[in-house]
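Trainee: Take a look at the following structure, please.
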Amino acid sequence: MAITDILSAKDIESALSSCQADDSFNYKSFFSTVGLSSKTPDQIKLVFGILDQDKSGFIEEEELQLFLKNFSSSARVLTAAETKAFLAAGDTDGDGKIGVEEFQSLVKA
């Protein structure tokens, strides 16, 4: 399954263009612009599955750093500060990674 099966290519392009500069990524505005905030829990779970590159059931820090590249291979990697902030926002149980329920809560925040 491709991310464009769930989200429109136009919305992805718009969301990526809004965070091209280093340290400009804001997960709330990205999720809103890309259209993920308005998706169903099942659709959000499908996106989580795409983001979980190693299929561990979690999105770890390394996968978060490459978050934008899941939407476009030409997108930049997140900076260390952006990655840490993104992880801190999503990791509600403090285990150092984001599970599917945590991701769904983060998207709907």
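Heads up, the Cβ atoms here are built off N, Cα and C, so glycines get one too.
Unlike curated records, TrEMBL annotations are generated automatically.
Take a look at what TrEMBL says about it:
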DOMAIN    39-74  domain 'EF-hand'
BINDING   D52, D54, S56, F58, E63  Ca(2+) 1 binding site
DOMAIN    78-109  domain 'EF-hand'
BINDING   D91, D93, D95, K97, E102  Ca(2+) 2 binding site
Trainee: DSSP says what for the domain 'EF-hand' (78-109): how many helix, strand, coil residues?
Mentor: 20 helix, 2 strand, 10 coil
Trainee: Using the CB centroid of D52, D54, S56, F58, E63 as the Ca(2+) 1 site centre, which other residues of the same chain sit with their CB within 8 A?
Mentor: L51, Q53, K55, G57, I59, E60, K97
Trainee: In sequence order, which residues at least six apart in the same chain have a CB under 8 Å from the CB of E63 (Ca(2+) 1 binding site)?
Mentor: L51, D52, Q53, D54
Trainee: Using the centroid of the Cβ atoms of D91, D93, D95, K97, E102 as reference, list every other same-chain residue with Cβ within 8 Å of it (recorded Ca(2+) 2 site), in sequence order.
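Mentor: In sequence order, the nearby non-listed residues are F58, G90, T92, G94, G96, I98, G99.
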Trainee: Does anything in the same chain, at least 6 positions from E102 (Ca(2+) 2 binding site), have a Cβ under 8 Å from its Cβ, and if so what?
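Mentor: In sequence order, G90, D91, T92, D93 meet the Cβ cut-off.
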Trainee: Taking only the Cα atoms, work out how far S56 (Ca(2+) 1 binding site) lies from K97 (Ca(2+) 2 binding site), in Å, as a whole number.
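Mentor: So the Cα of K97 (Ca(2+) 2 binding site) lies 10 Å away from that of S56 (Ca(2+) 1 binding site).
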Trainee: Would you list the DSSP helix, strand and coil counts for the residues of the domain 'EF-hand' (39-74)?
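Mentor: Per-class counts: 20 helix, 2 strand, 14 coil.
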Trainee: CB neighbours of D93 (Ca(2+) 2 binding site) within 10 A?
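Mentor: By my count, 10.
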